[in-house]
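Heads up: the structure comes next, in structure tokens.
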Ligand code: PMP
């Protein structure tokens, strides 16, 4: 068996130890004689798995008691609609920070569902730096301010948490669990699972309980946060296996020393990789240093005609999925929690060697 270093932006690499445990428990979960996949979501065995996963996530992120943690489906994209549908029932307009493609998708969805006001945009600098706090201009009737903490495609990460009078709503799909966060500064945080949480199929929503009372009446039941909060996220059949695997990831994270320990390793991995890019004129990254993503590192080759040979050789070297998003081109190395530091070292060695041969 060979496991390569997988730099995919999502679904992303999972810790080998987690997959091994899932493999070990696959046919016969803890001598119960069946797989987790085959369990009723209402069974006491699955309820215990679900409750443990939630408790571990709460512990990892120090989620205060006045917040609900929801395990929903439909991905982060469904929450682009979920945010306005759950927060605009008492009127007002969704306010948005535009820092890239994922912000824009959230904005477009809100435009269909009550309107969106762009409070600041990074379009002026072609999405290479986050708007500064002083550029934020909320509308008079703002119901919330939404932003994307880490733009997975552009590789732009926020270097501050906006301070506003209205609830702060954050898409943390590609940065949750990579570092400590102060949940109490947020009204709502949501994140698709398939990067730092577990396999695809789950989106986690962390919502302050007082915000559960302002959903639009026409919101579909399966998008209503309150309905999920009131029913332990078991309004209908949840994504049971993805929930279980997410729980195994949380367990693994706790064994690694939690998000504080991950933050240190993540900072080291990112700084090595950006250091290697900056030290060469063969590779480049356009993002302002303060906003460079610690999770998704896009880079281009000075000679784009070498892109396909770079990708081919990388794959042979056991470095998978380095192709950049079609809208950006070039390469992108996604280095979430499960990417070992050795994977980043291996990538840097490969990049140096490739430059020597082709530079
Ligand atoms: N937001 C961000 C920041 C993302 O990176 C992604 C997926 N790459 C999404 C939203 C959409 O997530 P999903 O595919 O789970 O709907």
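Note: Cβ is positioned from N, Cα and C throughout, glycine not excepted.
TrEMBL labels come from automatic prediction, so no person has curated them.
Summarising the annotation, TrEMBL assigns L-glutamate binding site to 9, 42. Feature annotation from TrEMBL assigns pyridoxal 5'-phosphate binding site to 76, 77, 102, 152, 171, 194, 236, 237. Marked as N6-(pyridoxal phosphate)lysine by TrEMBL: 195.
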Filtered recorded positions, from 76, 77, 102, 171, 195, whose Cβ is under 6 Å from an atom of ligand 1: 76, 77, 102, 171
Cα within 10 Å of residue 42 (L-glutamate binding site) - qualifying binding-site residues among 77, 194, 237: 237
Those residues of the chain, 6+ apart, with a Cβ under 8 Å from that of residue 9 (L-glutamate binding site): 152, 153, 174, 195, 296, 321, 325, 332, 334
Lowest local Cβ density (other Cβ within 10 Å) among binding-site residues: 152, 236: 236
Those residues of the chain, 6+ apart, with a Cβ under 8 Å from that of residue 171 (pyridoxal 5'-phosphate binding site): 76, 79, 102, 103, 106, 146, 147, 148, 149, 190, 191
Residue with minimal Cβ packing [other Cβ atoms within 10 Å] among the binding-site residues 77, 194, 237: 237
C-beta crowding around residue 76 (pyridoxal 5'-phosphate binding site), within 10 angstroms: 26
Residues 76, 77, 102, 152, 171, 194, 236, 237 [recorded pyridoxal 5'-phosphate binders]: greatest CA to CA distance in Å: 30
Neighbour-count leader, CB within 10 A, recorded positions: 42, 195: 195
C-beta crowding around residue 102 (pyridoxal 5'-phosphate binding site), within 10 angstroms: 21
